[in-house]
Amino acid sequence: MAASRAAVDLSKELCAAVIKSTFRPNLHLALHAAVPSLLTAVLHRLSPLPSAALAFFRALPPPHPLDASLALLRLLAPHPRHHPAARALLRDLSLRHPLSSPLVLPSLLAAAADPRVPSWLVVVLAQSARAHDAVRVFDQMRARGLAPDAHACTALLTALARARMTATARRVFDEMSRAGLAVSTHVYNAMLHVCLKAGDAARAEALVTRMDAAGVPLDRFSYNTVIALYCRKGMRYEAMCVRDRMDKEGIRADTVTWNSLIHGLCKDGRVKEAAQLFAEMVAAQATPDNVTYTTLIDGYCRAGNIEEAVKLRSEMEATGMLPGVATYNAILRKLCEDGKMKEVNQLLNEMDERKVQADHVTCNTLINAYCKRGDMTSACKVKKKMMESGLQLNQFTYKALIHGFCKAKELDEAKEAFFQMVDAGFSPNYSVFSWLVDGFCKKNNADAVLVIPYELMKRGLPPDKAVYRSLIRRLCRKGMVDQAQKVFDQMQGKGLVGDSLVYTTLAYTYLTEGKPVAASNTLDDMAKNQLYITPQIYNCLCTSYADEKETLNMLWVRAIERGLIRKSVYKLMHQARLESTKLAVETGGCAPVSRPDYLEATLAKEVAEHILRLDSEHQSNVLCLLNNWWCERNRIREGERKREGWEVAAITSRQADEIRNLQHKEHMEHLGAEEAEVAAPVPGTLKINVDGGFDRRCSKGSWGYVICDEEGSVIQTGAGSLEQIFDPMHAEVSGCIKGVRAAVQLGIARICLETDALQVKLTTAWPFWEASSITRWLC
């Protein structure tokens with residue numbers, strides 16, 4: 001009780017000293033240190049005198065207690081004259097204290113008698129690029145029934161647009177509408193800016209329609225934002241319509257408007273139209289700026305008209321505007337593409353004379369040009385100058401150097417640049433690993449690829465899943481599936497689990513290399529890990545292996561059988577099939593089919609007759625569908641999972657494609673059978689003609705072979721009997737094995753194996769051969 005009375009007396013004494021202007025910080029500092037809450041009590045007593053309270057607070061040496069700062073903030077908020085000082089105090093507090101934290105913010109909002117204080121905090125946090133904290137304050141305000149003012153909403157939406165937090169910005173805007181806040185033109189402009197950053201033209205159009213319905217006028221910033229969005233999306237006609245609306249409403253297009261339109265045309269390669277628009281801009285008495293000229297010069301360079309670009313630069317200088325580094329970069333890029341390095345050096349000397357400092361784009365353009373020419377010495381010199389000038393190497397720089405070293409077959413330097421890139425914090429993409437793998441493969445040193453993860457570990461840079469994935473994909477692309485499997489084993493040994501793309505790529509490569517068993521095992525492991533083929537992976541493989549549709553179809557069938565295909569992928573498969581059918585119809589490959597008449601049949605015999613009258617393509621589709629229909633009925637009866645209709649349709653489509661491909665091969669084999677019987681082997685090659693016999697009654701058989709040269713002379717023959725065989729295929733395969741073994745014992749390297757059993761040839765060549773009884777004899 002005595003201590004409390006002493007604190008009150010001290011606060012009265014300090015308050016009197018402040019009012020009488022006799023307060024001295026050096027004399028009263030000890031009292032303040034002794035009683036931490038004393039400063040807050042003094043400020044509370046000085047609440048009728050905000051100027052005196054502010055002077056007293058500023059006279060004390062920092063740091064000030066948080067409670068005292070908040071007390072002063074509440075004291076100054078009701079007085080408009082002291083609002084700048086209050087906002088400055090709040091800005092300092094936000095830098096020194098986590099005001100948006102769950103521990104401090106609720107007490108701040110509860111103690112803030114003036115609703116403007118939370119709005120100021122939103123503005124301060126938004127302007128400090130702390131969008132997440134500003135959103136947290138906004139949500140707390142709405143939870144307490146407080147509504148931020150228009151300035152706070154505009155600042156918050158602008159910060160969210162810069163941070164590309166599009167979804168959050170939409171939520172905040174919708175919450176503002178639900179709260180009944182009066183949305184002004186500035187708030188709508190901030191939301192239009194969000195649409196611009198997100199590239200959402202449809203939402204921007206909806207906002208403009210909403211502004212028109214609410215009677216909120218559009219200003220020049222609104223129109224410029226919409227025009228820039230349309231130009232970025234390539235919607236030139238819509239952008240021109242917005243400019244026409246500006247003219248009708250009496251809003252004069254400024255330089256920003258014209259620059260957006262000119263940039264949109266140049267981006268689409270319509271340089272002539274951009275030049276006409278530039279003439280209209282000058283006629284409208286809008287002053288072209290550096291951006292206008294640079295945009296046109298860049299457009300001319302990209303269109304290959306370097307002469308017109310240089311001419312326009314001269315016109316630019318004639319108006320008194322000196323070209324900046326962006327202007328020089330546009331011309332440099334075109335000169336480097338054309339290989340005019342002499343003119344490039346002249347332009348660089350001109351930049352030095354005019355004190356135009358080169359930037360990242362300048363240096364990267366030069367490095368890339370030298371790397372493409374194989375002049376790695378000059379590229380390294382530019383890199384050295386770049387670092388000496390204080391410019392940091394970025395991802396494009398490292399990629400250009402790695403590509404150049406690989407192209408020059410300097411793989412040690414390429415690996416060093418790769419390690420430097422990873423050490424700098426950049427993630428190499430698939431192209432970087434492709435260059436490295438291709439470079440080592442050209443030197444017949446593919447094993448060096450396997451060492452890359454270990455070398456990264458030695459440098460303290462543990463490789464992540466992306467490194468292994470890229471190596472595996474590129475090795476598979478080169479057909480080196482064994483090395484890819486080794487990398488995959490390394491990956492699993494490090495505790496990293498392969499993703500869907502890794503498993504799918506390995507399975508595809510195994511099928512391509514004629515190893516269907518390994519492919520099936522890979523897909524089984526993928527199913528165990530509950531990984532699935534997504535639309536992104538499906539599109540990636542279809543794009544990468546567009547010329548190997550047959551192998552892809554086999555991969556999809558195996559994936560479907562294991563339930564590895566997402567429903568969205570089936571839709572893509574169906575769409576691709578429809579497009580291929582449409583293309584065939586348009587090119588005359590086949591005619592469109594009307595509704596099948598067998599759907600109207602009532603008897604099984606009628607259905608069979610109708611199916612037999614169908615063409616081969618639709619006949620195979622119907623037969624596979626009926627078979628899968630019956631199998632699905634049996635599956636459900638046995639208690640297995642019921643497949644969706646789109647699953648059955650996808651399996652049917654793939655099976656029908658396989659049957660047609662097999663029939664086509666058989667047809668081609670029969671057409672060439674007669675020629676194959678009389679054709680002599682290639683000179684330097686011996687032919688082994690094999691045959692087999694089978695007696696089904698006693699399950700016995702026989703085999704035989706004849707080895708001949710290209711002139712028909714017999715080199716060696718052989719025959720024998722077989723006990724307890726399974727089928728004629730068994731006998732035929734036994735003859736093949738005996739003939740090949742005899743050729744090996746004779747030291748024959750080049751042979752041509754000939755058999756009259758077409759099924760043996762097709763089954764051994766077909767990737768599904770492991771399902772045949774031949775497997776246990778050939779493996």
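Positions of Cβ are set from backbone N, Cα and C atoms, glycine also.
Pulled from TrEMBL:
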type   : residues : note
DOMAIN : 689-760  : domain 'RNase H type-1'
REPEAT : 114-148  : repeat 'PPR'
REPEAT : 149-183  : repeat 'PPR'
REPEAT : 184-218  : repeat 'PPR'
REPEAT : 219-253  : repeat 'PPR'
REPEAT : 254-288  : repeat 'PPR'
REPEAT : 289-323  : repeat 'PPR'
REPEAT : 324-358  : repeat 'PPR'
REPEAT : 359-393  : repeat 'PPR'
REPEAT : 394-428  : repeat 'PPR'
REPEAT : 464-498  : repeat 'PPR'
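Within its own chain, the repeat 'PPR' (324-358) has Cβ neighbours under 8 Å at 290, 293-294, 297-298, 301-302, 304, 306, 309-310, 313, 316, 365-366, 368-369, 373, 386, 389, 391, counting only residues six or more beyond its boundaries. Residue counts of the repeat 'PPR' (289-323) by helix, strand and coil are 26 helix, 0 strand, 9 coil (DSSP-based). Residues of the same chain lying 6 or more positions beyond the ends of the repeat 'PPR' (464-498) and with a Cβ under 8 Å from any Cβ of it are 427-430, 432-434, 437-438, 441, 446-447, 449-450, 452-453, 456, 505-506, 508-510, 512-513, 515, 529, 531, 544. In the repeat 'PPR' (324-358), the DSSP tally of helix, strand and coil residues is 26 helix, 0 strand, 9 coil. For the repeat 'PPR' (394-428), the DSSP counts in helix, strand and coil order read 26 helix, 0 strand, 9 coil. Under DSSP, the residues of the repeat 'PPR' (219-253) split into helix, strand and coil as follows: 26 helix, 0 strand, 9 coil.
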